[in-house]
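Engineer: Shown below is the structure under consideration.
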Amino acid sequence: MYSRPSNYAPSKDVYGGEMRSQPAYSYYPEEEIQHFYRWSSPPGIIKIMSILIVVMCVGIFACVASTLPWDLDITGQSMGYGMGSGSYSGGYTGYGFGGSQMGLGFAYGGNYTDPRAAKGFILAMAAFCFIIGLVIFVMLVTRTPLSTSRKFYLIVIIVSAIIGGLVFIATIVYTVGVNPVAQASGSAFYTQIVSICNQFYSPVQTGVFVNQYLYHYCVVEPQEAIAIVLGFLIVVAFAIIIFFAVKTRKKINQYGKTNILWKKNHIYEDGDPQVEQWVKNVAENSAPALSDYNEKVDGSVADYRSANGVQAYPSQNNISHPIAEEELPLKEDYGMSPRHYSSSSDATTKKAPPKKRPGKPRRSDLDTNEGGYNTGGESADELEDDSWDSEYPPITQTKQRQEYKQEFASDLHEYKRLQAELDELSKIPVPSLNRELGQSSRKDSEEYRTVADKYNRLKEIKSSADYRNKKKRCKGLKTKLNHIKQMVSNYDK
């Protein structure tokens, strides 16, 4: 049956509002730090895209330049070959061809695109893209003050948008220029161009001379198709650069420059080097620093201690008189003689502190109360840290380090699972149940009995051996993980 605790202090009245417990790993300061030196970060992706743009520009140069000899009369002579006796005239503006003269000439008029002009346009844009991509990459790698500012990424956005649009236009013009059938489609000269180029779209008879210049004019060669594809890929790369440049500016505004790391060597100047790197190798995400499990439930510490059968506050006798000296026997497994500590040396001159859990004194308290005499008994957690030294000694070789990493990964998974189960119990509003029981006017009502059942059931769970074992196991895993992490950190120094 429900019995209301005598020393009850509702958290809302004491603290001015409900205090909810934080779940495991509810806040990590490292998550607020943006690691912009990584290749997977927004600036890193911009660097990758700039490298790809430089490579694709070189590819466009090679592909387009390989077709230029067919558009240039280097020797000053005609580059045509006879295709038979007699002569033929296409009959459309600016185009003439003579078979009996062994000559060939082109003149473009109207709305037709000169292949030489289209190739010159795309070569010029490829040169601009090459320079811009190289400049962006160099500035991001050197990490100049300008390249770490919002103004730089604004310039990148504007320049990428302009150059990307021009490259898109140049690629379209080049596609039309190297494919005369496509640009003549729908015009009055489509029939004439098709009749001239149709001979190259069907199998050529043996022994028939082929005009190579006309062949390269009518047929889109493989290197020309590759240049077209590379042109569109450059446009896509500039679009990706614009997207991540906008994202970088937003992160700079959101987190501030003080929370952004542009160089890797600034991360662990005051800490352990390479610890975060090996933790990520054994877990999905970077393992945050392990912290003590928050033992208070949804309310004050008094609520939790009352629910576990521990007196919430010291009695009047304990307040008016010094706290009795406690002797904490240690386990024989550690091979140490039992020692004790005294918490009553200054009790007559100072207000008695709240009653602490046995076996877990703070070292700072010992230093203060004992006047620097710190040879008293160690806490249970300190003894537990010492016990891991024998099972996990300092690392001396790489193979041993890898074994420690694997052990860390398996134990970390179990620790998170147990922590999640404990957090589920912490979400149950114990203070609100107490308030409902205290405010209920009729103890025989159905609502009162329901709330009382919930309270008693929660109290039984928290006082059960299974719950205590989970808490003990969770704390043991935390100590073990901290020890393994420290050993690897010492080895990596």
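Residue numbers in this text run from 1 along the chain shown.
Cβ atoms are placed via backbone N, Cα and C, with glycine included.
For 396-428, the entry in Swiss-Prot reads coiled coil. Per Swiss-Prot, the feature domain 'MARVEL' maps to 41-250; the stated evidence is sequence analysis. Annotation source Swiss-Prot lists domain 'OCEL' at 386-493. Look at Swiss-Prot and you will find Thr375 tagged as phosphothreonine. What Swiss-Prot records for Ser379 is phosphoserine. Taken from Swiss-Prot, the feature region 'Disordered' applies to 334-407. Residues or ranges marked as topological domain 'Cytoplasmic' by Swiss-Prot on the basis of sequence analysis: 1-47, 142-151, 247-493. What Swiss-Prot lists as topological domain 'Extracellular' is 71-116, 177-224, and the listing cites sequence analysis. Positions annotated as transmembrane segment by Swiss-Prot, on the basis of sequence analysis: 48-70, 117-141, 152-176, 225-246.
Any idea what these are sitting next to in the structure?
Structural biologist: Within its own chain, the topological domain 'Cytoplasmic' (142-151) is flanked in space by residues 249, 252-253, 257, 260, 262-263, which lie at least six positions past its ends and keep a Cβ under 8 Å from the stretch.
Counting residues 6+ beyond its ends, the transmembrane segment (117-141) has Cβ neighbours under 8 Å at 43, 46-47, 50-51, 53-54, 56-58, 60-61, 64-65, 67-68, 71, 147, 152, 156, 159-160, 163, 166-167, 170-171, 173-174, 176-178, 227, 231, 234, 241 in the same chain.
Under 8 Å from some Cβ of the transmembrane segment (225-246) lie the Cβ atoms of residues 42-43, 45-46, 49-50, 52-53, 56-57, 59-60, 63-64, 122, 126, 129, 136, 153-154, 156-157, 160-161, 163-164, 167-168, 170-171, 174-175, all in the same chain and six or more residues away from its ends.
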Engineer: Averaged over the topological domain 'Cytoplasmic' (247-493), what pLDDT does the prediction give?
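Structural biologist: Summing pLDDT over the topological domain 'Cytoplasmic' (247-493) and dividing by its length gives 62.
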